[in-house]
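Participant: Can you read through this structure? Questions will come right after.
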C-alpha cells in the first residue's frame, strides 16, 4: 500500500510543523480542536490531526497517548490512529513485529476493559483488523486465542470487565470483516477461517446467555455479538441453541431489542433456507410470541409489537418457498401467515398509532410469487388454501387505508400526513399486485361491498369506508386493463350516488373516474354519467389537482366522443379560469385538456371556441403590453403566454399523437385550409412582438414567448409552415438584441423540422447565419457568463449538421471560428455544456470528406481539438464525461486516421502532459490502443476510462470500485 505524502502545515498558531508529529504537538492540536472558539483554527487542527494519524510517527505517539494520565479525548485519538494503521497501512509493519504489536494491543484492551468504552472499542477494532490481516496463515487460531487470553485467571481486571472486553472484541471482528478492504481471494480465505472459528465463540455465548448469574449487560452484549457473527453466513443449525436462547430473552424488556436484532439477522441469512428442519422448529417459537404480541398491541407498546412483527416477517418473507414446499406442515405455516395478517391489520392509524403494518407488505408479494411459481397442480391446491387469505388481506388493507376522522386528521402534522400518503400508495401497489392472484373476482367483491354500502338504508355509512373501497378500485384500474370487467358499468352507475362531503373523498372519486377514462372511451354512452361530476368539481379549489387531471384524461382518451359536451366543458373551464380558482400548474393542465377536446371538433367549431376561450386573455395581454414593465404585470404576461403554449401543445387536428394507435382509431378527416392554431398565432403575432419589445431583456418572458412557438411547432409539424418566415425574422431580431438560450432552442426545432424543405431553407439559413454570427461575437466578449447559451448553440450546430449539412456550405459561415469556440466550450465547468460540445464534434468530424470547409478546418485546427480532449481526460474534466470525450477520439480515429496518428504522438510527447503521473510507456500504450480501435466504440470508452484513472492517480483504488 502506498504511503501518503505528509503535507507541511501547522495545527494553528505556534503548533509544530507537519513533520513533527510528536505527543506534545498532537496534544496541542487536540486541545485546539476541542476548545479553540475560532472555527478556522479548528478546521486547521482537524486537517493536521488527520495527517498525523496516517503518518509513520503514529505508531509511536499512539501508545503514549493511551497512558492512564491522559484525558479520554486524547486517549481516544491515540486509539483511533491504531486501526487506521493496522487496516490501511498493514504493509508498513515488518513481519517480525506482528507478535509484539498483538501483545501491545491485548495489554491495552485489558487495561481499558474497566475504562473508557469508546477507547476500548477503537482498540478492539485495531486488534480485529490486525487479526484479519494475519489470518489464516500468520495467526491460524486467532479467535480461540482471544477467548483463551481473556479467560486467563491471572488478569488484574475483574471477570465481568474481561468478559465485556472479550465480547466487544468478538463483536467488532465480523463487523470489521464485512467492511474490510481485503482482496477478494483473501476475503474468501478469512471468511472460511472465521466460519471454522465460530466453534470457539458460540459455546461461550450460549453459556453466558443461559447462565442465570450473567448480568443483563453481559447478556445484552452476548446477543449483539451473536447478531454480528450470524452475518458471516453461519449455517442455521449451528445457531439453533443460541436462537432458542434469544427467543427466551424476548421476555426480558432490557434484552428485547438485542434479541430481535439477533433473531432477525440469523433468520434472514440467504443460506438459511437450506436448513428446513431448523426453520420448521422456529415456526412454533414465532407462533409462541402471539400472546406477547396481543398484549403489546392492547397496551399500545409499539416497540414490542414492531419487534415481534419483524421476526414473523423475517421468517415468512425469507423462507416462504422453502416452508410452502413442506406440504405436511401446511397448517403451521398457515398459522404463521395468519399471524402476519394480524400484524398487517394491527389496530390504529399508520403512522400515528402504529408503525408495524408497513413491514408486512413485501411478505404478501413474496408469498404470492412463490404460490404462482408452482406447477399447475400444486398451484391449484395452494390457491384453494390462500385465495380466502388474500381476500381477507384486501379487506384488511382497505381498512388500514381509511382516513381517520376529520377532527383527528386535523391534528396530524404535515410529516405524518405525508407518511400516510406514501403508506396508502404502498397499499395501492399491493392491491394491484394481488389482482394477479384474485382476478376479476376481486373487482366484483369490491363492487358488491360498495353497492351494499351506498344502497343500505339501515345505517349511515362513513365517507372513509366509501373512499377506501373506491381507492381499491382506483388502484387496480390505474394499472390493470379493466375494459372487459362486467362490474365497471355498475360502478359508473354508483359513483353519482356518492354524497361527497369531504376533499379526500372528492379526490378519490375524481381519480377513480380518471382511472376509468380508457374504459369510458370504449363505452361512450356512460360519459354523461360522470362528466357532470367532474365539471362540478372544477369549481371547487380543494380537489383542484384531481378534478383537472381527470378532465385532462377524459379529454385525451374520449375526445372523439366529446363534441356533444364540448360547449359545456369549454364554458365551465372558461369560468373557473376567469375566477382564478386553480393554481398556475392546474390552469396549464386545464388548457391542455381543452387542447385535446378541441382537436376532435370541426375547424369552424375550433375557431369559434378558440375565439371565446382566448379573447379575454388577448385583451388582457394587449392592456399589459401598453404598461410599463414591473414584476406584477410580468407574472400576468408569463401566465397568459403559458396558457396559450399549453393549449397549443395538445391542439392537434392532424392527430399526430394518435398515429401509433392503429388504423381502427376513429379519426376525423384531415381538414383543408390553414390550421386553427396557425390562424390564432398569426392574429396575435404582432401583439407578441409588441410584448417582446418591452421585455426583451427578461429571460422568463422571452422563454415563455419561445415556448408558445416551440410547442406549436412540435405539435403541428408541417402544418406550422406558413409561420416559418415571420417567426425566423422575429427570432433573428430577438437574438440580435439580447441573445437568449430559448431562442436558440426554438431555432433548433425549426432546423429539425423545416431545414430540409427547399421552400423554407432560405429564411432558416438566414436565421442560422445570424444567430451564429451573434454567438461568435458573444464568445469574443467572454462566454463564461452564458453557459446556457453556449450549450444551446452547440446543440443547434449539431442539429444543423445532422439534419442539413448544407448550412455549413455557406461562405458567410465562419466554420473556423465555430470550431475554435466549440473547443473552448469543451473546457467549461458545466457538464451539460461540455456534453453538447462533444455532441457537436461527433457530428462534425464525419463531415470532413463531404463538406470542404469542415475538412479544411479539421486539418488546420484538429490538433487543438485533440489537445483539449487529452487535457480533459488528463483530469481537467469530470470523470462522468469521459464517454463523451471518448466519442470524439473515436470519430477522429474513424474519419481522420492519418492526422490523428501524427497528432496524438506529438501531443503526448511533452513530459507531464496530460498528467505528471503518467510514464512515457503508459502514454505510448494508450496512443497505440486508440489508433488500433476504429470499429468498437465501447472498447475506446473503456480505454479512456482506464487512462483517465491513471492520469488522476486513482487506478486500482477503492474510489474506482464502481466506476
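Yeah, the Cβs are placed from backbone N, Cα and C, and that goes for glycine too.
Feature list, courtesy of Swiss-Prot:
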| type | residues | note |
| --- | --- | --- |
| DOMAIN | 45-111 | domain 'Importin N-terminal' |
| REPEAT | 194-231 | repeat 'HEAT 5' |
| REPEAT | 276-325 | repeat 'HEAT 7' |
| REPEAT | 330-372 | repeat 'HEAT 8' |
| REPEAT | 375-438 | repeat 'HEAT 9' |
| REPEAT | 440-476 | repeat 'HEAT 10' |
| REPEAT | 487-522 | repeat 'HEAT 11' |
| REPEAT | 524-558 | repeat 'HEAT 12' |
| REPEAT | 676-716 | repeat 'HEAT 15' |
| REPEAT | 720-754 | repeat 'HEAT 16' |
| REPEAT | 815-845 | repeat 'HEAT 18' |
| REPEAT | 860-893 | repeat 'HEAT 19' |
| REPEAT | 897-931 | repeat 'HEAT 20' |
Participant: So which residues does the repeat 'HEAT 11' (487-522) touch in its own chain, when a touch means Cβ under 8 Å and the partner is 6 or more beyond its ends?
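Facilitator: Cβ under 8 Å, 6 or more out: 403, 406, 440, 443-444, 446-447, 450-451, 454-455, 463, 466-467, 470-471, 473-474, 477-478, 481, 529-530, 532-534, 537, 540, 542-543, 545-547, 549-550, 553-554, 556-558, 561.
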Participant: In the same chain, who gets a Cβ under 8 Å from the repeat 'HEAT 12' (524-558) while lying at least 6 residues past its ends?
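Facilitator: Non-local partners: 489, 492-493, 495-496, 503, 506-511, 513-514, 516-518, 565, 568-569, 572-573, 575-576, 581-583, 586, 589-590, 592-594, 596-597, 650.
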Participant: Using Cβ atoms and a strict cutoff of less than 8 Å, what residues sit near the repeat 'HEAT 16' (720-754) while being 6 or more residues removed from its termini?
Facilitator: 674-675, 678, 681-682, 685, 689, 692, 696-697, 699, 702-703, 706-707, 709-710, 712-714, 760, 763-764, 766-768, 770-771, 774-775, 778, 786, 788-789, 791-793, 795-796, 799-800, 803-804, 807
Participant: State the residues, same chain only, that lie 6 or more residues beyond the ends of the repeat 'HEAT 5' (194-231) and have a CB under 8 A from a CB inside it; answer 'none' if no residue qualifies.
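Facilitator: For the repeat 'HEAT 5' (194-231), the list is 135, 141-144, 147, 160, 163-164, 167-168, 170-175, 177-178, 238-239, 241-242, 245-246, 249, 252, 254-255, 258-259, 261-262, 265-266, 269.
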